[in-house]
Each structure stands twice: as C-alpha cells, then as structure tokens.
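A short write-up of the structure that comes next.
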Amino acid sequence: MPLVEAVTASSPSLADLGWSEFFGDQLEASDANLIPTRIAMVHRDRLSGLSQTGQTDLSLAPQATTGDYAVGDWVLVEPHSHLVQRRLTRKTVLERRVQGGRGPQLAAANVDTLFIVTSCNADFNIARLERYLALANEAGTTPVILLTKADTAEDAEAYRKQAAALQRELAVVTLNPRIPGAASALAAWCGAGQTVALIGSSGVGKSTLVNTLAGSAQQSPQQTGAIREHDAKGRHTTTARSLHAIAGGGWVIDTPGMRTLQVSDVGYGIDTLFAEITELAPLCKFRDCTHVHEPGCAVQAALKAGTLDPERLARWRKLSDENQHNTPVQSGPRGAKSPAGRGKRR
C-alpha cells in the first residue's frame, strides 16, 4: 500500500511532520548535512521515510535491521545514499511483548495520543482495555478510548460509563468511524504536527477510522473488513504499521489488530491505571505489603470499608503479577510508584 504524500501541495515543514524542540536539541554540528526523516512504514526488509523533500526508501547499515525502528521514529539520513546514520532518542515509544518472543516488539514511536479502539459489542473487554491503558501510560502517550458500533448497541451509554471508570481523567468518545463527523469529534487530538496511533482488536473500525481521518489526503485508502456477528471478531485488514497524513494537519499510525497483549516493564503504567490502589500502598504498615494478609494493610481496609472495588483489585493483582513475571528487573514493593518520570525514551 503506497504511503500518503505531503500534507499540502507544497513541501511540508519539519513541524508539519511532527518535529519539535525535543528532537532539535539532539542535533550536533556534525549532523548539518544530514536530512531529518520520519519513519513512515516498516517492512520486514526495508524502511520508508518522509522528509521535507518527500517520500524516500531508506538504506540501513549492514549490522542494522528494520526491527530496530518503529513507525514515527526520527532518523538522520545521508542525502545521496539515503543511508540512515542514526536514530534520535524517542519522546515516547509503544511496545508490546509478543507471546513466545525474546523481547518486546516496537509498535510506534513519538506518539502524542493513543486511540484505544473497541466496539459496543462482544469485543468490549475491561481487562484488555486496562492492558492497553497500562501500555499507553508507560509509553508517555495520552490514552483516549474510542467506542465504535454504538448504533447497534442497546445501551451505548453503559459501555461509555464502564470505559470512563477505568482511569482518572480518561477521555472516552463514542463515534461512527464511517461518517465525516468522526474526524471532528477527534479534532482536539489531531492538530497540526500531532501524532496519534490506533490500537485495538481486528474488526473494530481502525482502518475505517484511518480513512475518515485522512480524508482526501490519502491516495490509497486502507482496506476494511466486516466482523462476524456471533462473536464480534474481525479479519486482519492491516498487516503493517504505517504513517498517514490527517486532513487537519496531524498524523495517524495504524497498527495490525491484536486481541492478546502481554504486559512487561509497565510498572509506572499500572500504577497510573490503578491510582486508587497506588495511593493506598504508602499507608500500609509494612513497606513490602502484598495487600493480601498483612496487618495494617490500607488496601484491605479500603476493601472492607467498601471504598475499593474487589474486582478492580483482582485485576490489578493479576496484571501486576504478570508484569513482575515478565519484567527482567523489578524493583520496589508492589504498588509503589516508579521512581522515573512518565514514559520511556530510547
């Protein structure tokens, strides 16, 4: 599938492509002749990028692989050979653990907002949404839940309330990806130079939403697929991650659908997601309290007082245990806040 071309008929500025002072501060005098380029598509054997001069197929050094790069990365490229000289440190990075894989898989980089897309049907799954939220929090992006297929649900408002209760100050938007009004509903996150990414199961409307957001800026629309009515499962219509221009001036990254997401190294993301539990942990009598049987446990006290949802606690425990098992080094007691600031930079 071809990439979209420039945002406008004229050459885009670096700011149009998502460049900011964060990346400019990383430039050195020796980089003066290199071209800042944003990775727009990652294939198994090649990369494509966008710069002020347009779309370019990029070359890699012999020791490098495409797996080292994510859509949204900023790289410095030699102008004649199109050889990638180095990658700039990421402002944010979305990555997921692949079942059976040796390490995390890069999903997208330098994303400002993560649209977590689900439907008002059998696809709606609280535990899965919490995993996506932990991923977004850890990455340093702003999560927004998008609810599709509300027109087919008996009580779409009930879905919205369930989603909004998952995390403090969480934005939830109900929309129909097929109508132009969907772009207007998301305009606050899709301004010039802003980058959003879509994540969710197959068949929830991600590719349709990409087409709506891109509008006339996209030359080759994303393929879309129907879902099976009996279980709300869809077909994979997106097989590669790619960067698309949004009609309003921003950028959107589509990702292949995923129904399973293992967590790893998302301690800060879990702490943010379950803030009501995180805030209770320092009040426990013992610093290494597991919140199961210890005397003076503030979490158990809140549970007995009815101010803490037992199902929420059970999901926190399951997610925390999985994260601890999958993370090579885990420091601090369960529930303690991560010492580092928000998000990862690599």
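Just so you know, the numbers here start at 1 and follow the chain as drawn.
Using N, Cα and C of the backbone, Cβ positions are placed for all residues, glycine too.
As given in Swiss-Prot:
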type: BINDING; residues: THR148, LYS149, ALA150, ASP151, GLY200, SER201, SER202, GLY203, VAL204, GLY205, LYS206, SER207, THR208; note: GTP binding site
type: BINDING; residues: CYS284, CYS289, HIS291, CYS297; note: Zn(2+) binding site
type: DOMAIN; residues: 98-261; note: domain 'CP-type G'
type: REGION; residues: 317-346; note: region 'Disordered'
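Across the structure, HIS291 (Zn(2+) binding site) and THR208 (GTP binding site) are spaced 44 Å apart at their Cα atoms.
Binding residues for GTP (THR148, LYS149, ALA150, ASP151, GLY200, SER201, SER202, GLY203, VAL204, GLY205, LYS206, SER207, THR208) extend across at most 19 Å, taking the greatest CA-CA distance. Geometry remark: ALA150 (GTP binding site) versus CYS289 (Zn(2+) binding site), CA distance 42 Å. When the binding-site residues THR148, SER202, THR208 are scored by other C-beta atoms within 10 Å, THR148 scores highest. Most Cβ neighbours within 10 Å among the binding-site residues CYS289, CYS297: this distinction goes to CYS289.
When other Cβ atoms within 10 Å of the Cβ of ALA150 (GTP binding site) are tallied across all protein chains shown, the result is 17.
According to its DSSP assignment, LYS206 (GTP binding site) is helical.
Checked against CYS297 (Zn(2+) binding site), the binding-site residues GLY200, SER202, VAL204, LYS206, THR208 differ in C-alpha distance, with GLY200 being the nearest. The local packing around HIS291 (Zn(2+) binding site), expressed as other Cβ atoms within 10 Å of its Cβ over all shown chains, amounts to 23. According to its DSSP assignment, CYS289 (Zn(2+) binding site) is coil.
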